[in-house]
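Have a look at the structure below, then the notes.
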């Protein structure tokens, strides 16, 4: 890396999403000049707490809360213009300048009303057929990615050419309306409603459309530090997650390059975000899941103290013990440079903590999460018991001020996974962060 170029950091979730990436991205943008979303859509939900004020973001990079920081939506993101402007207007009402700082790749596929209709109708169809639901958010993410892979998607750049857009839309809508009405038993979507809304959005989007790949490469060469913000988590990755209970994009660090148009050599440090316990929204295997609905249980403690409800859907998150064998898999596929442990404070007051170090599977033991959902369903976790702590960790900003048992817990995670812990978050507040090694300064 030349001394004249910037240093770039990728932030990824290592579990099933909801690890607290938004807060850490916001915190790290103090050292960055640009923040990039590279996959997913408005199914992501990042919550930031700044000076006691809570802000929920779904599509716009978390760096928008730092004045002067440029924000980019890369080509790997599927874009709902309707939801984007809903989010922009909410931020502008709060006094945040957005439009002059947001750049959107013209190569982003568009999420249109029929994508959400397909998403919801398919889940209903699965349920009626007695098949377990995938657990989609119903936002149209999967169907939009399907159109992209099938090479029939309408992209942001198509909005600049109304006649071309109308022609492509008519063909696409005919296809999807056939599936909606003839296969899924859902109502058809009206062409004029979709087209008219898209044209209204086109006029608003044009000033923000950009060649994001070129702008990022130019910024890097000019010395800017960039931060690539992942959405969801590694175990929701379409290739490396608990398939088919996954999202429709690659959530791993390697996709930061493909999803934004930079070379992999521009990714200098990979920060894995992981909760001090595990949570999951929706269906799919979860080896260390606890009873999180019964008062008085550790799972209930995690659910209530951790306020475990989805930012995007409001659904309750399933809760369980920390899974170090799962984290080994995440470290492997992401090439993690370091870890940030979040929500350590949620474990305050638990007398004993169980740490999953591996699994029993079909009469054998393994120390890493298997690849297939069917295999994971058959896994019985192997636990190591550690002593908890009664002292409060809320707001602690120095590692040596943590309770002894909290430090031992963190050290054991490092030992099992082989990944150093460089940061610890002790509350949702931006400033309640322990820094052992800064990603923008680490070797």
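Numbering starts at 1 and runs along the chain as it is shown here.
Every residue, even glycine, has its Cβ placed from backbone N, Cα and C.
Keep in mind the model is a prediction, meaning the values are calculated, not measured.
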Q: Return the residue out of 315, 329, 378 that Swiss-Prot annotates for the same IMP site as 18, 19, 20, 21, 43, 44, 45, 46, 137, 151, 232, 247.
A: 315
Q | Residue among recorded positions 45, 46, 232 with Cα closest to the Cα of residue 17 (GTP binding site) | A | 232
Q: Which residue among the recorded positions 23, 46, 315, 317 has the fewest other Cβ atoms within 10 Å of its Cβ, if you could check?
A: 315
Q. Using a 10 Å radius around each Cβ and counting other Cβ atoms from all shown chains, which of the binding-site residues 47, 232, 316, 426 yields the largest count?
A. 232
Q) Out of 45, 317, 426, which of these binding-site residues is nearest residue 137 (IMP binding site) by C-alpha distance? A) 45
**Q.** Pairwise Cα distance for residue 43 (IMP binding site)/residue 426 (GTP binding site) [Å, integer]
**A.** 26
Q) Considering only the recorded positions 18, 232, 315, 317, which residue has the minimal Cα-Cα separation from residue 47 (GTP binding site)? A) 18
